[in-house]
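Each remark here refers to the structure printed beneath this line.
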Amino acid sequence: MLSTTTIGFPRIGNQRQLKFAMESYFKGDSGEAELLAVAHKVQSDAWALQKAAGIAVIGLDGTLYDQVLDTITWLGAIPPRFKHLSGLQRYYAMARGGAALDMSKFFDTNYHYLVPELGPDVLGPATAGPPLQPDFSGPLDKLARGQAVVGRDGAVPILIGPVTFVSLSRGCELPLDQAVARLLPTYCALLQQLAAAGAPEVQLHEPVLATSEGTGMPTEFETAYAQMAQAAGSVPLHLVTYYDDLGAAYPWAVQLPVAAVTLDFLGPPGAAVPSQTLALLQQHGFPADKRLGAGVVDGRSVWKDDGTAVALLRALLDTGAVSSDRLVVTSSAPLQHLPYDLGLELEAPKTPEATAPAARAGRPPGFAKQKVEEIVSVARLAASPQPPLLQLVMAPWCSCSGCSRARAWRTTPPTSRLSGSAAKPYDVRARDEQLQLAAFPTTTIGSFPQTAEVRRLRQQLKSGRLTQAEYEGLIAGHIAHAVGVQEALGIDVLVHGEAERTDMVEYFGMQLGGMLFTRAGWVQSYGSRCVRPPLVVDDITYRGPSTCWEYKVAIPTAAQPVKGLLTGPVTILNWSFPRKDISRAAQAMQLGLALRQEVAALEAAGCTIIQVDDPALREGLPLNGERWASYLSWAVDAFRLCTGVAAAGTQVVTHLCYSDFQDILPAIDRMDADVLTIENSRSDKPMMAALAAAGYGRDIGPGVYDVHSPVVPSVEFIKSRIRSFVDSGILSGRYDRIWVNPDCGLKTRGWPETIAALANMVEAAAQARAELQLAGGAAVAPVTGGVEAAGKGGAGQCRRNQPLRGLLPLSCLP
């Protein structure tokens, strides 16, 4: 049997114990001791599970919020505004305080990390040493606890490598090599202490190597790893990479002074370009003095392996570059991106809402626990000359032939968009046919607080204690309340509050054909927030309106316009577990077509402003920049397929979450949305400056306060944000096209803080109008768009009818 290891596991617990412990601590209902007890138990259980499955060497994963924040803490790279605090108070202030660290997506995943700040006040000026205040108690304590659970020989610390850490940071004024050099003494000191504590090896995770930027960092890596290898002494260093192949970095990366290198042999599920790792190894070989960690069990997909893993391992052995005693089987990425245990799903009681995935298509998929077992099975089978259990263990489930019934027009890149009159450009439709609002119009992103009462109603519906009619009647009351609050506050464009939605992707997954959803398939998004990604198992089809009822409930109680709220096709795809038998592009087009029909249904119900959130657009970018153009082409086409049916008088809004957008602004412009709202509250001026410099010319809502913090922003704070938008020069002074809104949905906030924050937001917008001597007050200006204007151009007068490559044939459009 080949050796095995793990490089990460879900950190929240099999029943989300850590999530609930954190939330209790945040509310003040429990103390530090209770939180740590739960966290340590969750970690110990995960390590014990991996040991029981037969894993030889276990990566000691686990965090109280975020692994990058953990690194900031043990490095002592603390921004000055937090240094007056200590312990967990400081840790969580950096995560969710009033001036918290920025948040961004971790490479191309749906996990959010806290962005390190490495300016001169953290790393020190160029001529001085770093004022770091390292604290190694966390990593050393975790190692000691891991050794107690799995033994000294099997407990391996996991650290984010120094080059990746600096690459993830912001505010650093030093060149990359100098910034890394500032951190190396602290890394070396920790490695020495881990060695003294008996660590058998140390995993250093460097996913930046899989990016285009990483290929240009050989000097930084060689210098850093030479110093760390010397400091570690006899303790081996294990370089771990994942999320894609290393491309041009492979030849020099595998020669770094480490004892082992783990490589991703699979890449992103459904990617247009398959992983090139095996080809790179066949071309360049592999050092004879190193162990190879073969990431052949898919750590980002729930589908069972179809024999690919064993075939890859045998191909590796056949090259002669790696002997069986130097080959270690592992996952292609940390298993934190998967739900915890399929067994929990199969044991859950069946309800009208959720059915165990096995009920749909025979053999079930595998979650993190099953992937650990698969690692062991693959290691055993690959070493066997005649693996009799291969077909049994590796039988495909829905990842290949089981899903190949897609009609040609659903999987073949479509060729055209729609017929009708000539396109109306943004300036014409915005001026002549859409809502005309006061300067600095106010709105929210969509969701309002999800109270215990709302969650209880959903649970009662699932359990049969409420009928659908009873449930809808009670939800209608919550919608009326949300609308009433907004009108009382003077908000210009309203939302219904999304009381009926558990999650922006899961909700639509339940409404569309071809998708399955779970009851226990929770995955950490950030901190205490968890999501349940749907599983795409078949052609995605439209089964009827899913948002029109809520819109119609909101309208009678609203004097102001109400937005229709949808999740966009790329976000649904990127935040689901996609199929592997057809491309992601084909699945995105299926989603675009289905959502297109929902846009048409909302318009038919009288909706004249429709928000299609596609916050995951950027995170789906391939790590290799050479593959960006292809991805952005089909991703934007899918969005436009969804929204292109809207009339010129219907204002289309989109929302993009924590990401850096400067390098994809042309693609954002090609989306052709009338209003762009972005999660900019923690990024502040750089994003606005980039948009202004690029000549962005459509309506924009940059986000005036951070909804991820419970702190209520003051009127003056929000006003300062509005002034910064004006000062950026964006839109050349067209203040009527700068929207004032929170930076994201309000689902996780409480009602008191929500009302207080929104009241301050409305007042700040009114004061900004007055100070800039603009007309409009706090009320909505006369509407020249609206229901009457939606059909102004006559039947078939759609917003953007220019031909698009890669869209559906005319015969397929509704």
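Even glycines carry a Cβ here, placed using N, Cα and C.
According to Swiss-Prot:
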ACT_SITE  His708  active site, proton donor
BINDING   Lys19, Asn110, Asp503, Tyr526, Arg529, Cys530, Trp575  5-methyltetrahydropteroyltri-L-glutamate binding site
BINDING   Ile445, Gly446, Ser447, Glu498, Asp613  L-methionine binding site
BINDING   Ile445, Gly446, Ser447, Glu498, Asp613  L-homocysteine binding site
BINDING   His655, Cys657, Glu679, Cys744  Zn(2+) binding site
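Distribution of Swiss-Prot features across the structure.
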residue: Ile445; record: L-methionine binding site; DSSP (3 states): coil
residue: Glu498; record: L-methionine binding site; DSSP (3 states): coil
residue: Arg529; record: 5-methyltetrahydropteroyltri-L-glutamate binding site; DSSP (3 states): strand
residue: Asp613; record: L-methionine binding site; DSSP (3 states): strand
residue: His655; record: Zn(2+) binding site; DSSP (3 states): strand
residue: Glu679; record: Zn(2+) binding site; DSSP (3 states): coil
residue: His708; record: active site, proton donor; DSSP (3 states): coil
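A straight line from the CA of Lys19 (5-methyltetrahydropteroyltri-L-glutamate binding site) to the CA of the residue listed as 'active site, proton donor' spans 15 Å. Comparing Cα positions, Glu679 (Zn(2+) binding site) lies closest to His708 out of the recorded positions Asn110, Gly446, Tyr526, Cys530, His708. Of the recorded residues, Cys657 (Zn(2+) binding site) and Ile445 (L-methionine binding site) place their C-alpha atoms 11 Å from one another. Here the candidates are the binding-site residues Asp503, Tyr526, Arg529, Trp575, His655. The one whose C-alpha lies nearest to that of Ser447 (L-methionine binding site) is Asp503. Here the C-alpha separation of Cys744 (Zn(2+) binding site) and Asp503 (5-methyltetrahydropteroyltri-L-glutamate binding site) works out to 13 Å. In this view, Lys19 (5-methyltetrahydropteroyltri-L-glutamate binding site) is surrounded by 20 other Cβ atoms within 10 Å of its Cβ, with every protein chain counted.
Cys744 (Zn(2+) binding site) is surrounded by 25 other CB atoms, counting those within 10 A of its CB over all protein chains shown. Between the alpha carbons (Cα) of the residue listed as 'active site, proton donor' and Ile445 (L-methionine binding site) lies a span of roughly 13 Å. Scoring each of the recorded positions (Arg529, His655, His708) by how many neighbouring Cβ atoms lie within 10 Å, the top position goes to His655. When every Cα pair among Ile445, Gly446, Ser447, Glu498, Asp613 is compared, the largest distance found for this L-homocysteine site is 13 Å.
Ser447 (L-methionine binding site): 23 other CB atoms within 10 A of its CB, across all protein chains. Comparing the Cα of Ile445 (L-methionine binding site) with the Cα of every entry in Asn110, Trp575, His655, these being the binding-site residues, the smallest distance points to His655.
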